[in-house]
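Colleague: Swiss-Prot lists these features:
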- K171: site 'Important for interaction with integrin' (SITE)
- K179: site 'Important for interaction with integrin' (SITE)
- K181: site 'Important for interaction with integrin' (SITE)
- K190: site 'Important for interaction with integrin' (SITE)
- K204: site 'Important for interaction with integrin' (SITE)
Amino acid sequence: MAEVPELASEMMAYYSSNEDDLFFEVDGPKQMKCSFQDLDLCPLDGGIQLQISHEHYNKGFRQAVSVVVAMEKLRKMLVPCPQTFQDNDLSTLIPFIFEEEPVFLDTCNNDACVHDAPVRSLHCTLRDAQLKSLVMSGPYELKALHLQGQDVEQQVVFSMSFVQGEESNDKVPVALGLKAKNLYLSCVLKDDKPTLQLESVDPKNYPKKKMEKRFVFNKIEINNKLECESAQFPNWYISTSQAENMPVFLGGTRGGQDITDFTMQFVSS
């Protein structure tokens, strides 16, 4: 079997005469001017540099060829070293790391958002300008009459909730529910006339910030007096009669025979 000859003058011809520049390229002998002391990966188009050690000149030609072949394969695999990483380089990497997907904002409609808003409420009693108190008369009716002594406990305690409505400097939208009862004052049209009634509601859904308009009253305070105007029927007010023990109703006149002025007394919860 033929033996591969030792590398001698053929290989030495590739070497530089400068001991500090002992390099050669796979593409052929060439004297290199760069120092191998600061070695980095080179660009693909810059060739491959090898350092030849003085202590290994006697290596066989077979080993030298193996090194050249191995380095030639590596040259096809190596990638150029990037420059110093900058902040703006991140923007070019992000599209490869993250997959962009559209984000759809699930906005709720105004009604749903308002329904979830907390409702501020207070407890109070109402008496008309003649100091008549409001009491229950039957399951769905209020009457106004004078109460004395222990009878005062019969007066209705309202849960006044501050709700959404056409608020202004002198008008505050409220809803008037009966404390500890599932009843609210509401204004509806009966026989073509605005009418005040007590309406039963589901306690799971009431009170809420956006009440139906029939439940809303514009609270108007003037000189420590209180008026409650229907939001459903403007210029119609919660009213009482001059007579004793008469139903509370919705009246269309102010300052006349019907009483529309009330005083409000707060009640602790």
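Easy rule for this one: first residue shown is 1, then count along the chain.
Each Cβ is built from the backbone N, Cα and C atoms, and glycine gets one as well.
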Colleague: Around the Cβ of K190 (site 'Important for interaction with integrin'), how many other Cβ atoms lie within 10 Å? Please give the count over every shown protein chain.
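Modeller: Within a 10 Å radius of the Cβ of K190 (site 'Important for interaction with integrin') lie 9 other Cβ atoms.
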Colleague: Which of these recorded sites is closest to K179 (site 'Important for interaction with integrin') if you go by CA atoms: K171, K190, K204?
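Modeller: Nearest listed residue in space: K204.
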Colleague: May I ask for the distance between K171 (site 'Important for interaction with integrin') and K181 (site 'Important for interaction with integrin'), taken between their Cα atoms and rounded to an integer number of Å?
Modeller: 26
Colleague: Looking at the recorded sites K171, K181, K204, which one has the fewest other Cβ atoms within 10 Å of its own Cβ?
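Modeller: Output over recorded sites K171, K181, K204: least Cβ neighbours within 10 Å is K204.
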Colleague: Per DSSP, K190 (site 'Important for interaction with integrin') is which: helix, strand or coil?
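Modeller: The residue in question, K190 (site 'Important for interaction with integrin'), is strand (DSSP, three-state).
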Colleague: Roughly how many angstrom lie between the C-alpha atoms of K204 (site 'Important for interaction with integrin') and K181 (site 'Important for interaction with integrin')?
Modeller: 12
Colleague: Report, as a single number, how many Cβ atoms besides its own are within 10 Å of the Cβ of K179 (site 'Important for interaction with integrin').
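Modeller: Other Cβ atoms within 10 Å of K179 (site 'Important for interaction with integrin'): 16.
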Colleague: Using C-alpha atoms only, work out the spacing between K181 (site 'Important for interaction with integrin') and K190 (site 'Important for interaction with integrin') and round it to an integer in Å.
Modeller: 24
